[in-house]
Amino acid sequence: MTQMNYTGKVKRVAIIANGKYQSKRVASKLFSVFKDDPDFYLSKKNPDIVISIGGDGMLLSAFHMYEKELDKVRFVGIHTGHLGFYTDYRDFEVDKLIDNLRKDKGEQISYPILKVAITLDDGRVVKARALNEATVKRIEKTMVADVIINHVKFESFRGDGISVSTPTGSTAYNKSLGGAVLHPTIEALQLTEISSLNNRVFRTLGSSIIIPKKDKIELVPKRLGIYTISIDNKTYQLKNVTKVEYFIDDEKIHFVSSPSHTSFWERVKDAFIGEIDS
């Protein structure tokens with residue numbers, strides 16, 4: 001746990017909610033409280049704290065809204081539906097959140113994020129950040145690409161695509177692909193194959209790979225064409241991708257630390273296992 005510079009100043013708060021009825025109700029309550037509270041100033045511009053209301057999808061959207069301000073912003077999530085990995089409060093705990101924010105001294109919990117650089121055949125480089133994962137797929141035909149780790153060719157991949165996830169993203173699409181669940185205090189990336197072809201002619205490792213922070217992953221497609229690139233909940237169609245590079249970003253996402261913060265393993269248990277009979 002670390003702490004942002006805290007001077008006791010008025011906290012600038014942005015409230016981001018999805019369109020569901022319960023989310024709108026929670027947002028309305030927060031607006032009504034904060035607008036008359038001298039300790040808070042409601043503003044979506046240059047906020048100190050971003051409150052996301054909905055679920056993990058809404059938190060991902062909030063992250064991308066403020067991804068260029070991560071060194072100044074802390075996030076807090078309220079879930080109004082299913083349990084989320086990035087949300088510490090339920091919709092009936094709004095009063096608890098308000099009380100904790102009034103007592104807040106700038107403490108934060110930080111998680112690593114993914115940096116992606118996509119090079120096109122005309123030399124342009126498209127850069128992006130991901131909180132969960134970035135995937136590359138070729139829908140028309142089998143994707144053929146070299147997987148390079150630290151400038152050394154590791155394997156020639158043939159299949160539907162490749163997913164590279166962060167530790168917190170390891171519980172999302174990566175897990176559905178058979179990847180491992182990685183604790184977010186481990187600064188590493190996870191490369192997981194999507195429906196790889198393995199036979200006498202074509203072979204890949206066939207299992208997820210954990211890549212430490214100091215290492216770099218490169219994916220070099222061997223065929224021109226249209227590739228589907230997904231960055232968290234955003235999807236792009238890019239033509240003639242020549243290289244995709246993956247790194248752990250120097251910046252992290254920061255969450256407001258509070259007594260209500262649920263441990264990572266508790267979140268995993270609640271999401272995938274539930275109550276255990278004694």
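Positions of Cβ are set from backbone N, Cα and C atoms, glycine also.
Owing to the predicted nature of the structure, the values given are computational and were not obtained by experimental measurement.
Per Swiss-Prot, active site, proton acceptor is recorded for Asp56, and the stated evidence type is sequence analysis. The annotation NAD(+) binding site is assigned in Swiss-Prot to Asp56, Gly57, Asn132, Glu133, Arg158, Asp160, Thr171, Ala172, Tyr173, Asn174, Lys175, Ser176 on the grounds of sequence analysis.
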Give the distance between the Cα atoms of Lys175 (NAD(+) binding site) and the residue listed as 'active site, proton acceptor', rounded to the nearest whole Å.
-> 16
Would you mind checking how many other C-beta atoms are within 10 angstroms of the C-beta on Arg158 (NAD(+) binding site)?
-> 20
Simplified to three states, DSSP reports Asn132 (NAD(+) binding site) as coil
Around the Cβ of Tyr173 (NAD(+) binding site), how many other Cβ atoms lie within 10 Å? Please give the count over every shown protein chain.
-> 18
Thr171 (NAD(+) binding site) has how many other Cβ neighbours within 10 Å of its own Cβ?
-> 23
Whole-number Å distance separating the Cα atoms of Asn132 (NAD(+) binding site) and Asp56 (active site, proton acceptor) is 10
At the Cα level, what's the spacing in Å between Arg158 (NAD(+) binding site) and Asp56 (active site, proton acceptor), rounded?
-> 31
Asp56 (active site, proton acceptor) to Thr171 (NAD(+) binding site): how many Å between their Cα atoms?
-> 12
Run through the Cβ atoms and count how many others sit within 10 Å of the one on Lys175 (NAD(+) binding site).
-> 19
Looking only at Asp56, Asn132, the recorded positions on record, which one has the least crowded Cβ, with the fewest other Cβ atoms within 10 Å?
-> Asp56
Between any two of Asp56, Gly57, Asn132, Glu133, Arg158, Asp160, Thr171, Ala172, Tyr173, Asn174, Lys175, Ser176, the residues recorded as binding NAD(+), what is the biggest Cα to Cα distance in Å?
-> 31
